[in-house]
Amino acid sequence: MGYINVSKDPEKSLKNGYLSTTLLGLGQTISVFAKQLFKLEESVTIQWPEVEYKYSERFKGAHFLTKRPDGQVRCTACFLCATNCPAQCINIVAGQSSDNGIEKYPVRFEIDILRCVFCGFCEEACPVDAIRLGPEYSMAGLPEQKWVYTKDYLLNRSEIKKQVGAKQVSKKEENTKDASVMSSLPNIHKSSGSGH
Ligand code: SF4
Ligand code: SF4
């Protein structure tokens with residue numbers, strides 16, 4: 001079995017390790033500080049909140065619920081998102097839909113955002129593209145703020161939907177219009193259409 005010989009000689013350690021590396025690090029810090037102070041080098045620190053960082057389009061931030069073309073909630077209260085949620089922070093109460101083709105709808109749909117770990121499993125599990133994680137990453141707030149996102153809030157997040165824009169259209173609907181995507185799907189998916 002291999003082993004590493006660690007010197008316990010404090011004098012040797014001081015000379016070869018602690019002191020030299022500490023001074024080296026200190027020198028590096030002072031040099032960067034001076035360069036940025038005198039504007040010789042661009043700072044890499046973002047001046048939040050005046051300057052916002054631009055994350056990738058694939059960034060998974062706070063959730064929103066999508067709507068069907070008729071303006072109704074797309075969610076069919078199947079509980080797949082809640083079942084797959086590792087933080088168990090999705091709470092759904094299902095009701096009977098008046099639309100026979102849909103069967104169920106969420107009477108209540110809540111996400112306890114403080115428990116959420118933003119894993120995206122809910123988005124992945126949803127068979128009808130009803131729940132998405134949007135680009136919002138700034139969620140700081142005060143304790144008295146409401147941290148349980150309700151169905152109405154998730155459905156009508158104008159600021160997020162503005163950012164998402166045209167992407168609000170269901171990916172599944174887009175795919176069903178795309179012949180190349182449809183031709184690559186097994187028959188079982190082709191026959192199910194958009195699910196509505
Ligand atoms: S992102 Fe993950 S933790 Fe958050 S609600 Fe969805 S499944 Fe749960
Ligand atoms: S959001 Fe999607 S996965 Fe969750 S209950 Fe609604 S339809 Fe099912």
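Just so you know, the numbers here start at 1 and follow the chain as drawn.
Note: Cβ is positioned from N, Cα and C throughout, glycine not excepted.
Lifted from TrEMBL, the feature list:
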| type | residues | note |
| --- | --- | --- |
| BINDING | CYS75, CYS78, CYS81, CYS126 | [4Fe-4S] cluster 1 binding site |
| BINDING | CYS85, CYS116, CYS119, CYS122 | [4Fe-4S] cluster 2 binding site |
| REGION | 166-196 | region 'Disordered' |
| COMPBIAS | 181-196 | compositional bias 'Polar residues' |
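Overlay of TrEMBL annotations on the structure.
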residue: CYS75; record: [4Fe-4S] cluster 1 binding site; Cβ within 10 Å: 26
residue: CYS78; record: [4Fe-4S] cluster 1 binding site; Cβ within 10 Å: 19
residue: CYS81; record: [4Fe-4S] cluster 1 binding site; Cβ within 10 Å: 23
residue: CYS85; record: [4Fe-4S] cluster 2 binding site; Cβ within 10 Å: 20
residue: CYS116; record: [4Fe-4S] cluster 2 binding site; Cβ within 10 Å: 20
residue: CYS119; record: [4Fe-4S] cluster 2 binding site; Cβ within 10 Å: 14
residue: CYS122; record: [4Fe-4S] cluster 2 binding site; Cβ within 10 Å: 25
residue: CYS126; record: [4Fe-4S] cluster 1 binding site; Cβ within 10 Å: 21
Here's one to test understanding: among the binding-site residues CYS75, CYS78, CYS81, CYS126, whose C-alpha is closest in space to the C-alpha of CYS116 ([4Fe-4S] cluster 2 binding site)?
CYS81
Inside 8 A of the center formed by the CB atoms of CYS85, CYS116, CYS119, CYS122, which other residues of the chain have their CB, for the recorded [4Fe-4S] cluster 2 site?
CYS81, ASN84, PRO86, ALA87, CYS89, ILE90, ILE111, VAL117, PHE118, GLY120, PHE121
What kind of secondary structure is CYS119 ([4Fe-4S] cluster 2 binding site) part of, going by DSSP in three states?
coil
For CYS122 ([4Fe-4S] cluster 2 binding site), the one of CYS75, CYS78, CYS81 that lies nearest, given that the binding-site residues are compared by Cα:
CYS81
To the nearest whole angstrom, what is the C-alpha distance linking CYS81 ([4Fe-4S] cluster 1 binding site) and CYS119 ([4Fe-4S] cluster 2 binding site)?
12
What binding-site residues among CYS75, CYS78, CYS85, CYS116, CYS126 have a C-beta sitting less than 6 Å from any atom of ligand 1?
CYS85, CYS116
Around ligand 2, within a Cβ distance of under 6 Å, which of the binding-site residues CYS75, CYS85, CYS119 show up?
CYS75
Using DSSP reduced to three states, classify CYS75 ([4Fe-4S] cluster 1 binding site) as helix, strand or coil.
coil
CYS75 ([4Fe-4S] cluster 1 binding site) versus CYS119 ([4Fe-4S] cluster 2 binding site) - Cα distance in angstrom:
19
Could you give the Cα-Cα distance between CYS78 ([4Fe-4S] cluster 1 binding site) and CYS85 ([4Fe-4S] cluster 2 binding site), in whole Å?
13
Round to the nearest Å and give the CA-to-CA distance linking CYS85 ([4Fe-4S] cluster 2 binding site) with CYS126 ([4Fe-4S] cluster 1 binding site).
11
Under a three-state reduction of DSSP output, how is CYS81 ([4Fe-4S] cluster 1 binding site) classified: helix, strand, or coil?
helix
